[in-house]
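Worksheet for the structure shown next.
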Amino acid sequence: MPSIVSSLLLVVLLTSPLGAIPVLYPSPPPLPAYPSPGVRILRPPESLVAPLGDEVVLECETSLPPERFEWSYRRWTPNGTAVNGSPGAGFKYLKTSSMKANVTQEAAISRLKVLVRQDTLGEYRCNGWFGPLLVTSTTARLELATTSVKSQEPVTSLQWQITNGNSVLWPCGQPVRSNPAASWTFYRNGVELGPEYSGTGGNLFLRNVSVDSSGSYSCQATNPASGERIKSTSSMELQVVPSRGSQVKAPYLLPGQPGSQTVTAIEGGTLLLLCPGVGSPPPTAVWSSPDIVGAVNNKRTRVLAHALEISNVQIGDSGTYICYLDNGVRPPLEHFIQVKVEQPPQIVRPPWIDMVNEGERVQLECEATGVPTPEIYWLLNGKSSIYDTEAEQLPNGHLVLHSVLKRHAGYVQCFARNSLGEHSAGMSLQVTPKPIHSESTQQSDHNHSKANRGRRPAQMIPPSAPNVTRLSDESVMLRWMVPRNDGLAILFFKVQYRTVGEGKRKNWQTTNENIPYGRPEWNSEMGKSFTASVTDLKPQRTYRFRIMAVYTNNDNKESNMSAKFFLQPGAALDPMPVPEMLEIDEYSETAVVLHWRLDSDADEQLITGYYAYYRPSSSAGEYFKATIEGASSRSFTIGNLEAGTVYEFKLQSFSAESASEFSALKQGRTQRPMVSTTEEATLQTGVRDTTTPSHNETFSMSPIVTGTIGGGAVLILFVVTTCLCMWRRRNSRAHRGGGQNKPRMAELREDFVPLDSCSPTKQRQRSRHIHITLNPLAQQQQQALDEKNDAEHDMTYFQRQPTYDYDPGLRRMSSSSLRRSQRTLERAGSSNGNNNNLNQSADMGPVDNPGKPGRVLMKRPRLSSRSENLSSGSLNSVGV
């Protein structure tokens, strides 16, 4: 069955229309994970071999539709290098729609049609422009299909006679050269043989020959690209005779058969090792290898008659193989076969760097494997590094930029190249420009300049050029920094942007948002960093951004422009790893610490950093933003928060071209304000405070120090209070002593009561203390009554303790107690049941008035401040 399938394939190949044949290099192993900025070559052009006059198509596909495609070309040289020796130099851009080449673009695919001529043979590259980034593919070779016979090879005709049962190996195709590798057809007596007789490289292999195998053998090579056929100059006459038991012969080689061999294989392919030789009786082959352990007895090898087949060839299969042909007759025949396994180049350590500052020295590393050893070269935004005066390639392939300049910003690629092809890896290099220190253009008036003559004028230090990251199809995130400086303070920032590459130059557009500078503190060694988002953009367009800083002198200064940024649609972007928020630690009253992780299968090298968003959980306003540089970060401290406040946080990872989805929201809180240890516990009535302090409360002082300070404060408070009390008592005594020198009857009567009011029957009445609100309109009558009572001084009095008002009693007095007090006052004053006397006088005493009983003199204490203005009129208190 395999022989039938092989025959059908050969027939289809030979009868199909002839054209360009791709060079069948083995597929390289899967690419290792390396930092991809989101734009790359998905399918580079393939090398082709075609005859003159044919039209071939080179096809290139990128991960995203670029702004435009360009193709570059270099003439083919025998060793595949340019004149100056660099494999990455000497390429020139092709003019589109020319007679030699025609370029078409369809979304993310570009096709180059080339007419095969002597001046179009060479190497081609596909270049895709993504804003300021130029991504270059690996090279594709366009070679001419050729078939020829080695001119120095003589015509050979072999005569072989062997016994039946042997196996014969005839190297017919050695004199023929073909590009691409020729397909072989073998003939016996002019009749074509089946493909089951074919070996590798034009070798005819006849197994277990018989008398019927005798005949004249020849071969013919066919170029699969051009269809050209050429007959080999070698022929062989084979005569097979029956074996005789009496004739024995040790294994030997026939004339023209190779002895020692060197075989080259490509990693991943299939290798067939042949062991020629005949004998009588027919010998048996035994395989071994002094260099490779288990070279024969494994799942990838199969022992055939006079051959060893190795599938899925690996680099470890390189070495020496020995074939012993033994038929029992000494000596056995030994074959030494040297196997070399070639490997396409593969970059195992790609270049990677996050961000560099202008003027810094940077070394980019690139390591690759391959056999033969690959040669390393570098492209800086599509241009060979040998043309850059600041670039130097070290012998180990690493690239050194002695002083990074703004022109180095873009796409940096490392290429590894050997005879089997090329492999590349790239990264987006971001350069932070140096801050431009410019003096303020505003000038003071003449007098002010005289007063400040000799002083250095204040400077306006502009922010750095912003770095741009895609957030969505319509928004981006900007990151910039203000370097440490002693210049004018910044009040706020404005973001400006404009589209580029659309014909007429567009004006700058300014966003409405004022981005506050915040606290005048530097949050890093470099200065202070800021972030802001810009929305309402349009995808598939290229933008430039800049930051406008407004200073305290009401002047402004803009930053340098950002690099061109092409806003790509998110549907074509690979998703970024989404961080998972683990926990939020309470760091202090104004700071928390975020902890997160990535999934185990997440590619960390795709990440440039993280964005942290936060806001108070009670707020529905905009999120505050913080930038976390570095893909390996797993925690971050966020400060300048409110004490004892619950915040909600979310994260997203970002790269130069895109950002991930948001992580799940998670809440955390800052520590509560510190509580002093001198604060006394608050006790509720009948309840003892047993509250345990929260773990958020922080005591900044030790208990001994705090207790000492608290005790001292209490002692000082006690001494001050005692002094104030003594001072007030002394003033009170002095006031009373001074008042004795100026006695007044009204004041004396306020402090005395008549003797008849001290009778036992009156004791109960005197014990009451009643507060009555008087009519303010009766104050004039009260004054007249007081003057009358002052004249009646012939009664006997005794002194008693004064009764003072208690202001809260006004709140507790009910209407019922007021009525009882009025009735008591009527009985005491013998007012004939008329309590209207209350509205006439509040201070009473016995008076010598004929026809009237003795009057009761009552004390009217002075009003306290709290009893004033409780109603629309003046309020007085009367004590009975």
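Cβ coordinates come from backbone N, Cα and C, glycine included.
Record note: of N84, N560, Swiss-Prot gives the feature N-linked glycosylation site to N560, with no matching annotation on the rest.
Among the candidates C275, C414, the disulfide partner that Swiss-Prot records for C366 is C414. Checking N208, N839 against Swiss-Prot, you find N-linked glycosylation site recorded for N208. Residues of the domain 'Fibronectin type-III 1' (462-570) grouped by DSSP class, helix first, strand second and coil last, total 1 helix, 55 strand, 53 coil. Most Cβ neighbours within 10 Å among the binding-site residues R498, K504, K506, R544: this distinction goes to R544. Binding of heparin is attributed in the record to R498, K504, K506, R544, and the widest Cα separation among these residues amounts to 15 Å. When each of the listed stretches 37-142, 251-339, 462-570 is scored by C-beta pairs under 8 angstroms to the domain 'Ig-like C2-type 4' (345-432), 37-142 comes out highest. Within 8 A of the CB centroid of the heparin site residues R498, K504, K506, R544, the other residues of that chain are T499, V500, E502, R505, N507, W508.
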